[in-house]
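Here is what TrEMBL records for this protein:
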type: DOMAIN; residues: 1-116; note: domain 'Cytochrome b/b6 C-terminal region profile'
type: TRANSMEM; residues: 24-43; note: transmembrane segment
type: TRANSMEM; residues: 55-74; note: transmembrane segment
type: TRANSMEM; residues: 86-105; note: transmembrane segment
Amino acid sequence: PEHIFPVWYFTPFYAILRAIPDKLIGVAAMGASIVVLALLPWVDRGRVKSVRYRCGFHKWNIAGFVVTFVLLGWVGATPQTDLKTIISQICTVTYFMFFVLLFVYSKNEKTKPLPERLTK
C-alpha cells in the first residue's frame with residue numbers, strides 16, 4: 001500500500017523491493033540484498049581489511065556504495081513516483097555491483113605495505 005512505510009533501517013531494502021515490478025522477484029531481490037550484506041566478510045577476499053591500506057578503487061567503490069545506500073533509503077522512505085522508481089532501479093543495480101566488483105578485484109588488489117606493528 002502507498003501509505004505504509006517501513007522503519008528507517010529497512011528503507012533501502014524496501015526501495016529494492018519496490019524497484020522490481022514483479023512481486024516474487026522483488027521479494028527475492030530484497031532478501032538477496034540482506035543476505036549478501038551478511039556475507040560481506042566472505043565476499044571481500046582481500047588480505048588487508050583496513051581501508052587505510054586498500055587501493056584507491058576500493059575507496060571509491062565504498063563511497064559509491066554509501067551514496068547508493070543513502071539514495072535507496074531516501075527513495076524507500078518517500079512515496080513512489082516514476083522518477084523514484086527509475087532511481088531505485090539504478091541504485092539496485094549499483095548496490096549489487098558493489099559486491100560483484102568487490103569479489104572480483106579484492107583477491108588481486110595492490111595494497112599499501114602494512115606497518116611493522118601490524119605484521120608481528
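Backbone N, Cα and C atoms are what each Cβ position is placed from, and that goes for glycine too.
Within its own chain, the transmembrane segment (86-105) has Cβ neighbours under 8 Å at 12, 15-16, 18-20, 29, 32-33, 36, 40, 43-45, 55, 57-58, 61, 64-65, 68-69, 71-72, 75-76, counting only residues six or more beyond its boundaries.
Taking H, G and I as helix, E and B as strand and the rest as coil, DSSP gives the domain 'Cytochrome b/b6 C-terminal region profile' (1-116) the counts 82 helix, 0 strand, 34 coil.
Looking at the domain 'Cytochrome b/b6 C-terminal region profile' (1-116) alone, the prediction's average pLDDT is 92.
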